[in-house]
Structure formats: C-alpha cells, structure tokens
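J.: Provided herewith is a single structure, encoded as structure tokens, for subsequent inquiry.
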Amino acid sequence: MASKKRIDSYTYLSGFGNHFTSEALPGALPQGQNSPQKCPYGLYAEQLSGTAFTVERKQNQFSWLYRIRPSVCHEPFTKITESTNLRGSFSRHDTQFIPNQLRWSPFPLPSDSESLNFVFGLSTLAGAGDPILKNGLAIHIYCANKNMEDMAFYNSDGDFLIVPQHGRLDIFTEFGRMLVSPNEIAVIPRGIKYSVSLPDGPSRGYILEVYGHHFELPNLGPIGANGLANPRDFLTPTAAFEEEKEGNWSIVNKYAGKLFIAKQDHSPFNVVAWHGNYVPYKYDLANFVAINSVSRDHMDPSIFTVLTSKSAFPGTAIADFVIFPPRWAVQEHTFRPPYFHRNAMSEFMGLILGSYEGKAGGFLPGSGSHMTPHGPDATTYEKASNEELKPVRVADGTMAFMFESSLMLGITQWGLSEQVHVQPDYWKAWQNLKSNLFYDIEKHEKLYFP
Ligand SMILES: [Fe+2]
C-alpha cells in the first residue's frame, strides 16, 4: 500500500510539536505580545495550558486563543446522572484483573433503535491508574450513529488518541476542523473542546486515553533523524470559527471519569485566531516508515511505535501506540511471524483493516484482544515453519495496532458483559500446537534429524 495523501477539503499545518500560528481573519493575532489591552477585532485573549507553567522549556505546551467570548461564559456544570459505559476508575473493586488471554468479536455498532453520539457512545473497556493522580490510561470503544448537534465535549482527564475503524469523523475543534478516516488517527489533548459529526453514518473505533504525559514521538536512537512517523506528516487544523451562532449549546466535560454538562447560548467554536504548540492533530498511518530486520530474526514490536506517553521510569511507557503496517519481510533462517512471547508490558490489540499476520482467523476488523503469554496459532506456526523464505510482502491491505502499557490493565464490567462478545474459545487457538521434539527421552536418543 503506497503512501498517499487522502483528499480532504480542510487545510492543515504540518509538523509535530511546532509552535504554530493560524488566523481565520487577517490580522486577528496580536503582534509582539499575547495579551494586549485591546485585541484585534475586539476578541478576548485566553491561554490554554497543556503543562504546568514551570516544566522544562522543551516540554512546555500552551496555546493562546483569540475568541469572540471566553470559555468561562457558560452556566454551571451539573453531573449527568444517566448511566453510561464510561469509566475512570480502575481499582480492584471496579474492574477485573484477569491473567487469561481475552479476545472480543467486533464491538457492535449502534442498532437502529439507538441514538448515540460520539460522547454518549463511549464505553470503557479497560484501564489502569486514576485521572485524579494524572497517572494511568484507559481504553475506550466508541460506537455512534448521531452527530453531536450543538454539543461540544472536552476531557479534563487526559489526551484522547482516536483510532477510527468504521466511518470517518468530521471533528470541529476550537483550533479548526479535521476530517479523520479509518487508517488515520487523531489526537485531542486534554481540555480542548470539539464536536464530532459522522459523514458516513454509524461509526466505530478505538480510543487510547493517557492521564499523564502528552503523546510524543519515540526516540529514534541509532536509527537516526528519519523514520517511523516523520514529524511533518502530522497535521494540525487551521483556525475556523462559527460567527456567534446563537442557540442552546451543551458543553459536556469528562472530569475525574464522570460526565458533566453545562449550557451556554453561543457556539464554543468562536476562536478566530490562535498560536501555540498545544494543539489537536491527525496522522495518516499509511505514511509510517517501517524499519525491520534485513538479515535474521523478528524484531521487537517497539520498532513500530508511532507515539508514546512516557511514565516516570526512563524508557518505560504508560502507553505506546504501535502499528503493524504493510511492509516487506526478507529475513533468512527466521520464523517470520511474531514469536511466542511473555511480556512485562500489557498489550491490547485491535484491527482497523484486513487480517492480522499472527492469526489465521477469529480476529476481524473492529475486534480486540488482551493478552498474557501468546504467539501465533498452530496454523500460522506450521505455515511459517515450512514456507520458502523468499522476500514477500506482509500485511498488504491490513492495519493492526497495539495499545501497550507498562501498567496492568483491569477489564471493566462492560468489557465482560453481554453487550460485547468475549470469545470463550480463544485459549484453544494454541491447544493444537503439538510437540515436535525429536528426542526420545526414555531411550536418550535422537529420533530423527529434521
Ligand atoms: Fe504480543
């Protein structure tokens, strides 16, 4: 699958971590200062901080928004009492920590009788830690069939890395508009308001939420300056606003894992210009530059890391977002599929397109799996152990991904309920891996040479 830009009528700024500037009206950005006595066009200046004021300069993230009315112009928030499947607490009482391999059939799209927008269609599958302590992560599934009409959402708990699997997302953010298709991802950092429309109708996808450090590009070490996700392929929206669209707007806030709602009489998408490095962005996974072994052995999946959110321990992520993109396999004398492994990290896998190379069946687009010891199934093992090792294309037409965490993931009630389908026979995928030992233990002799 060649790298190509998708057609998307919105305009974007290219780069990762840049300090961008954007104006929807000429001259709307103040020059030489952030907070003049009077801003151009009579706009209000508002700073949005993504980090503490005092973190190291290279980590400091903030943006200045120039808007028709400041964000504070809303009525009080009240807690949403209707039950949702969203969770923000992962103690042993709230979730189950299970040492079994788990696999889910594709998560169901909303039925015709349901009416769910992106926010109310969020269900938490697994997680660890606590947003109150700014430490941990959550894995959510969204299934929606309705636009967020006159509604904006912002998340005080963490950053959302959104992985659409079925249907595009048209996302109007305070910073402008993004169209995000399956095989692209979007990141909306903590505190940024947005509204999601569904141009293709019923839609489904995965979300990785991190409570602590924002997502960043992984270090490349000996790889050098280029490769994996290149910075210029990340796209940030350009300023766009709705002129004082009066109405009955709802602002929904996820705060310490619970949803709150407030009313206001005007659109929150009233930012005429902005500058800063604390911004939403999207990335086309087809642009990922895969690096792999060109001699022997299967490499560890960390070589496919797109973005990482670090923990306090150097080299150890709270969460990595890893993909398994189309590429060449050329290794000699090698069992080429993912090897059998038992990791220190917890893995959740999902599938956006096609079929995953490590499993012959049962893992369809829209599915998920969460694993302790694992590896290829018997069919894949037999095939890969005996096939001729010519250079071959791998994973064409597919895109599997992994949310990987150094924390132990608790599975929510929803994730084990009848609203989803946990495959009861997943463990059997490995039961027909037979012994191939060619040594007779009782006679202490080799039986044959393979
Ligand atoms: Fe794995």
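Just so you know, glycine gets a Cβ as well, placed from its N, Cα and C.
Owing to the predicted nature of the structure, the values given are computational and were not obtained by experimental measurement.
Checked TrEMBL, it gives:
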- His298: active site, proton acceptor (ACT_SITE)
- His341, Glu347, His374: Fe cation binding site (BINDING)
- Tyr356, His374: homogentisate binding site (BINDING)
- 11-285: domain 'Homogentisate 1,2-dioxygenase N-terminal' (DOMAIN)
- 287-436: domain 'Homogentisate 1,2-dioxygenase C-terminal' (DOMAIN)
J.: For a Cβ distance below 6 Å to any atom of ligand 1, name the recorded positions from His298, Glu347, Tyr356 that qualify, or say none.
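T.: Only Glu347 meet the Cβ criterion.
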J.: Neighbour count first, Cβ atoms within 10 Å, every protein chain included; then name which of Glu347, Tyr356 tops the list of binding-site residues.
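T.: Result for the most crowded candidate: Tyr356.
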J.: In whole Å, how far does the CA atom of His374 (Fe cation binding site) lie from that of His298 (active site, proton acceptor)?
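T.: Pair distance, Cα basis, whole Å: 15 Å.
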J.: Across the whole of the domain 'Homogentisate 1,2-dioxygenase C-terminal' (287-436), what does the mean pLDDT come to? Round it, please.
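T.: Taking every residue of the domain 'Homogentisate 1,2-dioxygenase C-terminal' (287-436) together, the mean pLDDT is 92.
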J.: Given the binding-site residues His341, Glu347, Tyr356, find the one whose Cα is closest in space to the Cα of the residue listed as 'active site, proton acceptor'.
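T.: The answer is His341.
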J.: Roughly how many Å lie between the Cα atoms of Glu347 (Fe cation binding site) and Tyr356 (homogentisate binding site), rounded to a whole value?
T.: 15
J.: Take the domain 'Homogentisate 1,2-dioxygenase C-terminal' (287-436) and count its residues per DSSP category (helix H/G/I, strand E/B, coil), listing them in that order.
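T.: Going by DSSP assignments, the domain 'Homogentisate 1,2-dioxygenase C-terminal' (287-436) contains 22 helix, 45 strand, 83 coil.
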J.: Among the recorded positions His298, His341, which residue has the fewest other Cβ atoms within 10 Å of its own Cβ?
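T.: Ranked by other Cβ atoms within 10 Å, the recorded positions His298, His341 bottom out at His341.
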J.: Run through the Cβ atoms and count how many others sit within 10 Å of the one on His374 (Fe cation binding site).
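T.: The answer is 21 other Cβ atoms.
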J.: How long is the line from the C-alpha of Tyr356 (homogentisate binding site) to the C-alpha of His341 (Fe cation binding site), rounded to the nearest angstrom?
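T.: Cα-Cα distance, Tyr356 (homogentisate binding site) to His341 (Fe cation binding site): 17 Å.
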